[in-house]
Amino acid sequence: MRALSLEIWIFALFLVASILHGIAGMGFPLVTIGALSSPFGLTDAIIIVLVPTAVLNLIAWISGQGSAWYNFTHYLKKYWALIVVSVIGSALGAYLLLVMNSAYLMLALSVAVLWYAITSLMGKKIVLPDTLGSLITIGFIAGVIGGATNAMSSVLLMYLLSMTDDKDTIIKVGNLCYFVNKLVQFVVLKDIIFTVPAQTWGVIGVLTALSVIGIIIGGRLGGYLPKDKFRLMILVILLLLGIKVGWQGASMLMTGQY
């Protein structure tokens, strides 16, 4: 009975998180991993969420305005430098996930995200320099954080929000980088992933299908959201996620989880 209740809770969690991702273009991995890391541990939670997240990122990247091929090639060509440095960072972050306590990274991330969200909500628009150096620095940090904790969106959104107010650009560039991050995680964690039982893969398949339904619903709802409301919603989500990540990092330190 307890196992059945846990499965129902997980199905509901993935549906709600995917609807949020469809509306805001982000949030699915942080919400799901934040909830699953307590019963399963951070590494196992990341593996469970890996395939559903990659599928949702791909959908959010290539769907919407314009053809799938246009969205695929346009954003890939325009933001290739950001992708390259985030790949390097993702590989390092995924390796760190295997060798160190990621709680310290989560606490540092929480401080940065909370500072950005609170400052922005107070009306002080933070503008990062539109330079190659800024892009490389933010992309690399986002990659490391994403590879180690799956919280890449928090760092990347701070950069994208300071560069543009265009909702489609923020969603598509963000999800492009998240998708590449998932591919890197898969390569680095492949030895662990290949030991996952077939029954678990069946559950992951159901969760992926459920998540696709959720992102379609969320995408339709998000189409009615004005740009200013979208920015406010993202900042509120960042605030809540910053608190969540900080709490999770502190809890991991207190319980000795890795």
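Residue positions begin at 1 at the first shown residue.
Backbone N, Cα and C atoms are what each Cβ position is placed from, and that goes for glycine too.
Database features (TrEMBL):
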{"type": "TRANSMEM", "residues": "6-33", "note": "transmembrane segment"}
{"type": "TRANSMEM", "residues": "45-64", "note": "transmembrane segment"}
{"type": "TRANSMEM", "residues": "79-98", "note": "transmembrane segment"}
{"type": "TRANSMEM", "residues": "105-123", "note": "transmembrane segment"}
{"type": "TRANSMEM", "residues": "135-161", "note": "transmembrane segment"}
{"type": "TRANSMEM", "residues": "173-194", "note": "transmembrane segment"}
{"type": "TRANSMEM", "residues": "200-218", "note": "transmembrane segment"}
{"type": "TRANSMEM", "residues": "230-250", "note": "transmembrane segment"}
Test of understanding: applying the rule of at least three C-beta pairs under 8 Å (pairs 6 or more apart in sequence), is the transmembrane segment (45-64) touching the transmembrane segment (173-194)?
yes
At a C-beta cut-off of under 8 Å, are there same-chain residues at least 6 beyond the transmembrane segment (105-123) that contact it? List them, or none.
93, 96, 144-145, 148-149, 151, 154-155, 158, 161, 235-236, 238-239, 241-243, 245-246, 248-250, 252-253
Maximum Cβ pairs under 8 Å to the transmembrane segment (79-98) - stretch from the list 6-33, 45-64, 135-161, 230-250
135-161
Do any residues, 6 or more residues outside the transmembrane segment (135-161), come within under 8 Å Cβ-to-Cβ of it, and if so which ones?
26-27, 29-30, 33, 42, 46, 49, 53, 81-97, 102, 105-106, 109, 112-113, 116, 120, 126, 128, 169-170, 173-174, 177-178, 181, 184-185, 188, 231, 234-235, 238, 241-242, 245
Same-chain Cβ contacts of the transmembrane segment (230-250) under 8 Å, 6 or more residues past its ends?
20, 23-24, 26-27, 30-31, 34, 37, 102-107, 109-111, 113-114, 116-118, 120-121, 149, 151, 154, 157-158, 161, 165, 167, 170, 222
